[in-house]
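Take this structure, written in structure tokens, and hold onto it; I'll ask about it next.
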């Protein structure tokens with residue numbers, strides 16, 4: 001598992017958000033719908049196992065409430081693993097990524113609100129579908145111990161109070177956005193899964209409130225006819241949880257790390273009118289990150305480092321495998337080059353891209369000789385560094401330069 005540095009991870013979070021902006025609204029809804037389905041399916045698995053145990057002390061087969069909660073918490077991260085690996089859209093994670101992109105002036109406020117609204121609507125429809133078709137119609141949760149477990153769950157969720165539920169939402173989305181940050185920082189699938197599992201388990205064990213998970217659970221409780229009314233679920237749980245999740249993702253994670261890294265790796269005063277990411281999938285979208293993660297040395301033979309403001313989006317890999325091999329010095333040099341150019345808006349502006357050769361020593365020699373017909377200058381004989389090469393005489397110039405003065409290997 002390779003973990004990138006925090007400034008580099010911050011740049012990948014921006015790229016991650018820009019990819020979400022480029023989604024058509026129908027695709028955004030579909031991917032958000034699937035994220036809601038995954039949340040519901042994981043919730044179904046959690047209820048099937050954790051809800052099947054009794055916590056009554058009089059029952060000899062009973063388990064403690066803490067063990068029951070840990071069983072639930074250990075299964076629930078499967079939903080987030082499915083969301084990350086399939087590229088589905090989860091509202092709670094988007095609160096951090098889209099806010100950072102907006103603060104970086106890479107998207108407009110309309111694009112931010114459109115993404116939030118689309119992802120929340122799709123998540124809600126997905127949880128409703130999962131609660132009705134994948135749980136209510138097929139899974140027998142209408143009897144004990146499952147019905148008692150869901151009845152207790154709904155009653156406890158509306159009994160926290162507005163302030164407590166809001167703060168539980170703040171803590172929950174802080175963990176969720178940290179999980180997204182950890183996933184971006186990791187290089188391989190196994191590392192992403194391992195890094196994702198612990199934050200999700202932590203928020204479930206802490207009894208924090210997640211708006212999308214609560215949408216599935218409380219809709220299922222309403223379908224089963226628990227004692228808690230739907231109005232109380234909305235007023236005393238769903239609404240404060242939604243606001244708390246927004247504050248946790250935007251305030252504790254998005255604003256904090258934007259403030260922490262913006263003077264170092266952000267655009268700052270170099271931002272131009274043309275740096276806003278377009279909403280069309282066919283338009284170019286600026287990328288702050290360079291060489292894709294996970295590619296071998298041979299595949300990066302003639303890779304291009306995108307400039308700060310212009311790089312084709314199609315050249316980048318998927319989020320599951322992207323990263324940057326650039327260090328902070330490379331990023332600063334790119335910003336310095338970009339600031340010396342005369343910047344202007346418009347989609348027809350073309351940027352100069354630098355080719356990077358990442359050959360090892362043997363590949364460099366063979367490639368220069370076979371592909372370009374050139375000799376490796378490192379193998380050429382070197383002259384005395386203390387002497388200057390003789391000047392070229394008119395006779396040697398006229399005869400084609402056969403003397404030592406015309407030798408291309410002479411060095412000063």
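Quick reminder: no glycine exception, Cβ is built from N, Cα and C everywhere.
Copied straight from Swiss-Prot:
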type     : residues : note
TRANSMEM : 33-53    : transmembrane segment
TOPO_DOM : 54-69    : topological domain 'Extracellular'
TRANSMEM : 70-90    : transmembrane segment
TRANSMEM : 117-137  : transmembrane segment
TOPO_DOM : 138-164  : topological domain 'Extracellular'
CARBOHYD : 151      : N-linked glycosylation site
TRANSMEM : 165-185  : transmembrane segment
TRANSMEM : 193-213  : transmembrane segment
TOPO_DOM : 214-237  : topological domain 'Extracellular'
TRANSMEM : 238-258  : transmembrane segment
REGION   : 330-349  : region 'Disordered'
REGION   : 367-412  : region 'Disordered'
COMPBIAS : 396-412  : compositional bias 'Low complexity'
Of the stretches 117-137, 193-213, 238-258, which racks up the most C-beta pairs under 8 Å with the transmembrane segment (70-90)?
193-213
Can you tell me which parts of the same chain pack against the topological domain 'Extracellular' (54-69), counting only residues 6+ beyond its ends and a CB-CB cutoff under 8 A?
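That would be 145, 204-205, 207.
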Tell me the Cβ contacts of residue 151 (N-linked glycosylation site) under 8 Å, same chain only and six or more apart in sequence, or just say none.
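Long-range Cβ contacts: 221, 226, 227, 228.
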Other than its close neighbours in sequence, what residues sit by the topological domain 'Extracellular' (138-164), given a CB gap under 8 Å and a spacing of at least six beyond its ends?
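That would be 44, 47-48, 50-54, 209, 214, 217-218, 220-221, 224, 226-228, 232-233, 236-237, 240.
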Should anything in the same chain at least six residues away from the topological domain 'Extracellular' (214-237) have a Cβ under 8 Å from its Cβ atoms, list it; otherwise answer none.
36, 39-40, 43, 123-124, 127-128, 130-132, 135-136, 141-142, 147, 150-151, 153-155, 157-162, 165
Counting only residues 6+ away from its ends, which parts of the chain sit with a Cβ under 8 Å from the transmembrane segment (165-185)?
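For the transmembrane segment (165-185), the sequence-distant neighbours (Cβ-Cβ under 8 Å, at least 6 residues beyond its ends) are 3-4, 6, 9, 12-13, 16, 80, 84, 90, 92-93, 95-97, 157, 192, 195-196, 199-200, 202-203, 206-211, 236-237, 240-249, 251-254, 257, 319.
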Restricting to the topological domain 'Extracellular' (54-69), what is the model's mean pLDDT?
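Here the predicted model's pLDDT, averaged over the topological domain 'Extracellular' (54-69), is 88.
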If we skip the immediate neighbours and take only residues 6+ beyond the ends of the transmembrane segment (238-258), which ones have a Cβ under 8 Å from one of its Cβ atoms?
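Distant contacts of the transmembrane segment (238-258): 10, 13, 91-97, 99-100, 103-104, 162-163, 165-174, 176-178, 181, 209-211, 214-215, 218, 266.
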